Amino acid sequence: MTIIRKKHPLIKIINHSFIDLPTPSNISSWWNFGSLLGLCLIIQILTGLFLAMHYTSDTTTAFSSVAHICRDVNYGWLIRYMHANGASMFFICLFLHVGRGVYYGSYNMIETWNMGIMLLFTVMATAFMGYVLPWGQMSFWGATVITNLLSAIPYIGSTLVEWIWGGFSVDKATLTRFFAFHFILPFIITALVLVHLLFLHETGSNNPTGLNSDADKIPFHPYYTIKDFLGILILLMASMILTLFFPDILGDPDNFTPANPLNTPPHIKPEWYFLFAYAILRSIPNKLGGVLALILSILILAFMPLLHTSKQRALTFRPITQIMYWTLVADLLILTWIGGQPVEYPFITIGQTASIAYFAIILIFMPITGMIENNILDLD
């Protein structure tokens with residue numbers, strides 16, 4: 001068996017990636033989220049595949065086809081709710097994975113980090129298009145509002161929006177193409193994940209100290225396969241509790257009403273995992289400025305390696321920057337809350353303050369605290 005594992009051209013790749021992979025001996029549970037994201041992706045592809053067998057991407061039948069899946073298809077309700085809540089679990093793992101990367105300075109592995117940012121954008125696009133497919137009120141109006149933001153692009157904006165819509169409004173053509181893209185993108189994501197892993201295995205994993213761990217590596221299997229398995233069990237248990245006991249808790253009640261272009265919901269808002277970015281978008285009165293801030297709220301991650309001023313990699317031994325980091329986390333939670341609130345006083349002011357704080361912490365305060373810590377520890 002050992003000979004096959006190490007010699008066979010295909011099994012050899014799996015062996016080097018998941019079995020004999022030299023891994024730092026001290027990586028904590030924060031390093032579990034990579035494998036959990038892989039599991040989420042597999043669950044989403046499988047449940048999505050079965051949903052696609054029964055779903056129809058036509059404006060007249062899309063809503064009723066989802067109802068048909070829940071009522072008439074064997075375990076259709078389970079597949080549908082696993083897919084919908086699976087997206088939420090996916091984003092929880094994604095945010096924790098990115099947060100871990102920021103905390104422990106993993107962004108210094110630039111190729112892996114940039115690949116991760118590309119993955120984040122692709123997953124967000126996929127989730128957005130998936131939200132449109134049930135063709136409820138929030139699906140329709142969410143699609144209308146978000147796609148309409150592209151009209152802010154100078155000169156080509158209006159033409160671009162009509163091109164994406166396939167007409168003069170969100171309609172049958174839009175739904176059909178969104179379904180096509182939503183179906184194909186997870187497979188593109190899978191390919192990007194392989195490239196992400198390829199880059200990661202070029203440098204090896206980071207670890208909680210942020211120090212070079214070449215002197216202390218252990219094989220991935222059995223030590224981290226068993227650790228990942230525990231994480232997988234916890235994730236599956238959490239997913240099942242969410243799916244079986246609270247299936248609609250993260251959804252919007254407006255989506256139980258079929259899409260009606262003549263009736264606008266009182267508060268148009270996206271799924272919870274986009275609310276922080278939506279709050280940043282809304283906090284800027286200018287349309288183009290809002291769109292740029294929306295894109296920058298994620299793209300700012302790409303500037304992290306350039307903004308790293310500390311002589312240490314991780315925040316493990318940097319208490320001042322730790323305060324900044326946890327303030328940033330609190331700020332993101334505030335933005336998420338504000339994104340779900342109506343556009344009125346005091347929410348507008350809170351949203352604008354939190355948006356300024358978000359960019360200020362990343363662009364100004366964290367680099368400054370890094371330099372202060374260098375001076376305190378005399379690392380210059």
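In case you wondered, yes, glycine gets a Cβ from its N, Cα and C as well.
Listed in Swiss-Prot:
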| type | residues | note |
| --- | --- | --- |
| TRANSMEM | 33-53 | transmembrane segment |
| TRANSMEM | 77-98 | transmembrane segment |
| BINDING | His83, His182 | heme b b562 binding site |
| BINDING | His97, His196 | heme b b566 binding site |
| TRANSMEM | 113-133 | transmembrane segment |
| TRANSMEM | 178-198 | transmembrane segment |
| BINDING | His201 | ubiquinone binding site |
| TRANSMEM | 226-246 | transmembrane segment |
| TRANSMEM | 288-308 | transmembrane segment |
| TRANSMEM | 320-340 | transmembrane segment |
| TRANSMEM | 347-367 | transmembrane segment |
Checklist entry - Relative to the Cβ position of His196 (heme b b566 binding site), how many further Cβ atoms are located within 10 Å? => result 21
Item to check | Proximal residue to His97 (heme b b566 binding site) among binding-site residues His83, His182, His201 (C-alpha distance) | outcome: His201
Item to check | Distance from His83 (heme b b562 binding site) back to the residue listed as 'ubiquinone binding site', taken between C-alpha atoms, in Å | outcome: 30
Checklist entry - Quick one: do the transmembrane segment (347-367) and the transmembrane segment (288-308) reach 3+ CB pairs under 8 Å, ignoring pairs fewer than 6 apart in sequence? => result yes
Checklist entry - Per the 3+ Cβ pairs under 8 Å rule, pairs at least 6 apart in sequence, do the transmembrane segment (113-133) and the transmembrane segment (320-340) touch? => result no
Item to check | the transmembrane segment (226-246) touching the transmembrane segment (77-98) per 3+ Cβ pairs under 8 Å rule | outcome: yes
Checklist entry - Residues with Cβ closer than 8 Å to the Cβ of His182 (heme b b562 binding site), same chain and 6+ apart in sequence? => result Gly48, Thr126, Met129, Gly130, Leu133
Next on the checklist: Ranking 33-53, 226-246, 320-340 by the number of C-beta pairs under 8 Å to the transmembrane segment (178-198), which range is first?
Outcome noted: 33-53
Checklist entry - Looking at Cβ-Cβ distances, which residues of the chain lie under 8 angstroms from His83 (heme b b562 binding site) while being 6 or more apart from it? => result Gln44, Thr47, Gly48, Leu51
Checklist entry - Ranked by the number of other Cβ atoms within 10 Å of their own Cβ, which of the binding-site residues His97, His201 ranks first? => result His97
Item to check | Outside the transmembrane segment (226-246), six or more residues from its ends: residues with CB under 8 Å to it | outcome: 29, 32-33, 35-36, 39-40, 43, 78, 81-82, 85-86, 88-89, 93
Item to check | Three-state secondary structure, which DSSP defines for His83 (heme b b562 binding site) | outcome: helix
Checklist entry - Once the DSSP letters are reduced so that anything not helix or strand counts as coil, what is His196 (heme b b566 binding site)? => result helix
Checklist entry - If H, G and I count as helix, E and B as strand, and all else as coil, what does DSSP give for His182 (heme b b562 binding site)? => result helix
